[in-house]
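Participant: Here it is, the structure, as structure tokens.
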């Protein structure tokens, strides 16, 4: 999963809400921050490792990782979001599942419900060759693809024929086009349908008249005594022929290609339907003599018979008749095979039956050609019975002829039937396809449907979209809308979120690895994603300038306008130096290594420094034990100029190198500010930087019922600054404030020792050195002789610290009354019962008790000692300390002994 967006930047912000494309360094950083990448194909999200995509580097997804510029990314994908590490492809999501599995498993399969042609197009888009298909899917894929290609070829031929009907090179193209559609395309309009129905009625009427003219009752004898057509029926036939002639001439005149019109099979049928009538009239009127009429009479009869071909004109209006004609034309191989089988059978069986029946009296099988008729009707299983064999041998031959005829005819007939069925379906499909294409063309001409590339459409309408969104954003300035116009950076929303809520230990190590190596700040990527258009930065800037001219009140540049609701940008810096303090001042004492770091600290404790430390307040909740030390800075310090504000520390990951470098920490209290100085030159022992905790709450668990106030320090997070990250152990710790008017070390002691008692109850703590423990830590129980130890209570993560300056005098009195007890260095852990905690606090100054049952907890010890003693033991290399602030512990009298496990507060 991609790394989460920094808290300073809204995670829901897309690239389309920003003005300029991202820099190459931002694109490279977003790819290197995570081992995984999100791929959104048609709205369906997929998550895959980068190394999985690297298996096919020459494919589209394989090239995705090498694209480091905005233009190269848009050549590979349609859109992207660097904050989410997500890349969008506007393609078929179902086909991509098979393609992504090919990257993972190396096996390419095609889903059963997937169209072969569509799957082939998807393979071409993603850059994968179809030869990688598995054998189980390859045959099905190629079969479907060939079938689809054949259908597309036929449709293309039909469309070429339709597109070949050009009327531009002729006179009156529009009128001729309308007339052609009226006569040739019955479905083009209502008038064309009516005209087709009238034409069919004339065909039927002429056929009926032709049939009735052969009836003797309706015939009339001419002057030569020969029967002739009825006059009334002749008039009906003349009207029909006139209609057919007019239709044929109009079709010929309106046709775009005259030669092609003559070669058309349907047009040939129309010509044969009307030509015999005119030939008969010409022959009859030109030859009036009896002798000449007798010579041409037979020719006239032939042309009269040809008039029956008018019935074939119905094929123009019937898809079934057209399919029959095309089937016979396409099945000429099967028809030829059928005729060949029949001819061979007829020849064989007619010869056999002739030799079997020639010796019989009054036989009808007088010759082999005379036997052809019997063999034909026998093989076709008709059997008229006008001729049949009489002998036994002839009957056997007749039986074999019947069986052979059934087998011979049954072989090619199904092929012909199948061809007819397929062609009929194909004709229906082509008719629907032609209608659909014509409807789309008409809609395109009318402007209803615009056929263009989606990217080009977005690119052309980008200006309109920007202006519309800008106007909509002006009316909604008071609302916290995330989907704001990317040309209005003054209204960008920066969501403030604690880092501990959006990150984990592992994510910190991965996310800021590159930043720690480059030793630079994390650069917020303000150029996420935009719409999938190929707009360059220059075009966007030009559009930006135009909008700023038209809208002078809107300042896209946040530096050019005042924003009273946003505090000024400032940065904090921590000055790390050694502070020379008197012997009574506190310093960090030496401590040994903490073995089980996973249960004692958490990286998320660093991230809790996210709020302001402007004034002290009393927490309404009782502070639990083992909390964290947190600091806070005001947003605007009085009297502090912007040039005096230091820069925040860079974002660094926790170093995993365990080096011997330790840090000496001292707390310097001044009337104006407080500076926590960490000197990396001191060597208290090797550090333990690898203190990442699996669970942030694992280091917060404890059984000590101690109730005191903890110090909280919060870094003021600037809204426009980069998100804060846990500082590295190799960097100084920033602590700077100006709102802490403490002057003495005893004042700090008051802060550390003050209990969270009910209101009205005086503090019970004395200035005794007491021990506070939660049980012996697993693995070690160090002792620190000659140490001044003071209690420092902890609280749960992100809890606020109470600093009540009104009780300073009580603590100073306690300090003066028991000066001898403060010098006691021996640590001691009292094992009193929880019920006797208050008595022990009053009598011995202990601030907490622990039970022996809590020995499995990994306790922590936060110890302060005098600066002089720390300097004295700075040469010791056997001790190790954690790179965090340590709270002091109050120990009991010198006579008491015990083990005080370390208690650590990480920041």
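Placement of Cβ uses the backbone N, Cα and C atoms for every residue, glycine included.
Below, the features straight out of Swiss-Prot:
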- 191-212: transmembrane segment (TRANSMEM)
- 213-232: topological domain 'Extracellular' (TOPO_DOM)
- 233-254: transmembrane segment (TRANSMEM)
- 266-284: transmembrane segment (TRANSMEM)
- 285-296: topological domain 'Extracellular' (TOPO_DOM)
- 287: N-linked glycosylation site (CARBOHYD)
- 297-317: transmembrane segment (TRANSMEM)
- 333-354: transmembrane segment (TRANSMEM)
- 355-368: topological domain 'Extracellular' (TOPO_DOM)
- 369-380: intramembrane segment (INTRAMEM)
- 381-388: intramembrane segment (INTRAMEM)
- 389-395: topological domain 'Extracellular' (TOPO_DOM)
- 396-424: transmembrane segment (TRANSMEM)
- 448: phosphoserine (MOD_RES)
- 608: phosphoserine (MOD_RES)
- 813-823: compositional bias 'Basic and acidic residues' (COMPBIAS)
- 833-845: compositional bias 'Basic and acidic residues' (COMPBIAS)
Participant: Name the range, of those listed as 191-212, 233-254, 266-284, 297-317, 396-424, that has the largest tally of Cβ pairs under 8 Å with the transmembrane segment (333-354).
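Facilitator: Looking only at 191-212, 233-254, 266-284, 297-317, 396-424, the most contacts with the transmembrane segment (333-354) come from 396-424.
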Participant: Relative to the transmembrane segment (266-284), which of 191-212, 233-254, 297-317 accounts for the most Cβ pairs at distances under 8 Å?
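Facilitator: Between the candidates 191-212, 233-254, 297-317, the best contact partner of the transmembrane segment (266-284) is 297-317.
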Participant: Taking a Cβ cut-off under 8 Å, which residues six or more beyond the ends of the topological domain 'Extracellular' (355-368) line up next to it in the same chain?
Facilitator: 374, 387, 389-391, 393-394, 397
Participant: Per DSSP, what is the residue count of the topological domain 'Extracellular' (213-232) in each of helix, strand and coil?
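Facilitator: The topological domain 'Extracellular' (213-232) comes out at 2 helix, 4 strand, 14 coil.
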Participant: Of the residues in the topological domain 'Extracellular' (389-395), how many are helix, strand and coil by DSSP?
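Facilitator: Counting residues per DSSP class in the topological domain 'Extracellular' (389-395), I get 4 helix, 0 strand, 3 coil.
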